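Below you'll find the structure, written out as structure tokens, and then a few comments.
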Amino acid sequence: MWGFSQSLWFILQYMSGFGNEHVSEDPRCPGALPEGQNNPQVCPYGLYAEQLSGSAFTCPRPTNKRSWLYRILPSVCHKPFKPLEEGHLTHNWDEVEPDPNQPHHLSKYFPSSAGIRFPGLHTLCGAGEPRGRNGIAVHIFVCNTSMINRCLYNSDGDFLIVPQQGKLLITTEFGKMLVEPNEICVIQQGMRFSVEVFGETRGYILEVYGAHFELPDLGPIGANGLANPRDFLVPVAWYEDRQVPGGYTVISKYQGKLFAAQQDFSPFNVVAWHGNYTPYKYHLEKFMVINSVAFDHADPSIFTVLTAKSTRPGVAVADFVIFPPRWGVANNTFRPPYYHRNCMSEFMGLIKGHYEAKEEGFQPGGASLHSMMTPHGPDADCFEKASKAKLEPERVAEGTMAFMFESSLSLAVTKWGLQTSNHLDKNYYKCWEPLKSHFNPNCK
């Protein structure tokens, strides 16, 4: 189907369920999971037991995250880490002066991926910092070269990866995942992974420090709706017992910097595992859309796929929100997104198609940032058309998938995001200039 070998297609199997207690072992080694305990004196097949903790030991059960991995060699077997300079990765939010304007990036101006290996990270914006375990960063990744004998893990937080062009074959300690545009995956803190690409590849990454993604509470919606737990997929166990005499590079993102260590074997040597702390993927077409069927808009929070909660009830460090194809049927209503000033920061991206509020000015692979309390909304052309349109049931955003990273933090744009030439649309504000007054005090 994908040009992969039959054996690889067999490997690309998944277990379903969000946050479930999963159990998996490579079928080549039946019985690799210890029975009745986590850490026996001698593990089956002479494996090493290693726990990966994603939460404090004493967290309440609903938020306690950990998995046990049974591997050929433990991950502690590597040389010392040394600084590694790659990409334009930063969490220094004071590189440039604050700017409340709406920066808008056109996809055709994103940097070339020629000769760049994944992750090829370029930080656009963020807030907070990883040492304090509170904050987020938004990155763009561009690459056309696979990670050969290299892997990455993030000590600072979780990566939510949104491919926009090109599919990603991701090998993790838990198994393999194929992630294509219109799918997302989450690689949680500390999980080692390597990425194979198949040509020009790019996308977006939301990094969250100090919190893990959860499904949003549904409240009066009830038990079903939005992103259903069964549609999240977790890889099955797969291992390789491979020596790398020339050296295997393990890259750690630690306190906002990259470091590299060498070892002489593949880290993807986990024969079996069990637990609830895993990587996972989700197809955005599975999202069950909720919408107004009478009049007015429900707020865009109804499109939330995943949330990373703050310590304040109802307030997120980050939400991942999508605007998928759906029916618009609201009567006597301006149907595109309303004009808005928000106490949250809104980073918009486009995977494919044309965003309904700016059909001509927003390209796939592009991005815009609407900072806290900075006004935003439909451009002039969209307003005029929607104000005069005959209101009939219609398909909205057909063939389109736009998304938003929304945060309660005030996001700062990086020097690369603002000052790298040829990729910033400095005329973005002009899309609202043709808006004119329709006020008539004699006409209600």
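Glycine is treated like the rest: Cβ placed from N, Cα and C.
The following features are taken from TrEMBL:
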SIGNAL    1-19  signal peptide
DOMAIN    13-284  domain 'Homogentisate 1,2-dioxygenase N-terminal'
DOMAIN    286-439  domain 'Homogentisate 1,2-dioxygenase C-terminal'
ACT_SITE  HIS297  active site, proton acceptor
BINDING   HIS340, HIS376  Fe cation binding site
BINDING   GLU346, TYR355, HIS376  homogentisate binding site
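GLU346 (homogentisate binding site) counts 22 other C-beta atoms within 10 Å of its own C-beta, drawing on all protein chains shown.
The distance from the Cα of GLU346 (homogentisate binding site) to the Cα of HIS297 (active site, proton acceptor) comes to 18 Å. Taking the Cα of TYR355 (homogentisate binding site) as the reference point, the closest of the recorded positions HIS297, HIS340, HIS376 is HIS376. Other C-beta atoms found within 10 angstroms of the C-beta of TYR355 (homogentisate binding site) number 25, with every protein chain shown included. With every protein chain in view, the residue among the recorded positions HIS297, HIS340, HIS376 whose Cβ has the most Cβ partners within 10 Å turns out to be HIS376. Comparing HIS297 (active site, proton acceptor) with HIS340 (Fe cation binding site), their Cα atoms are 12 Å apart once rounded.
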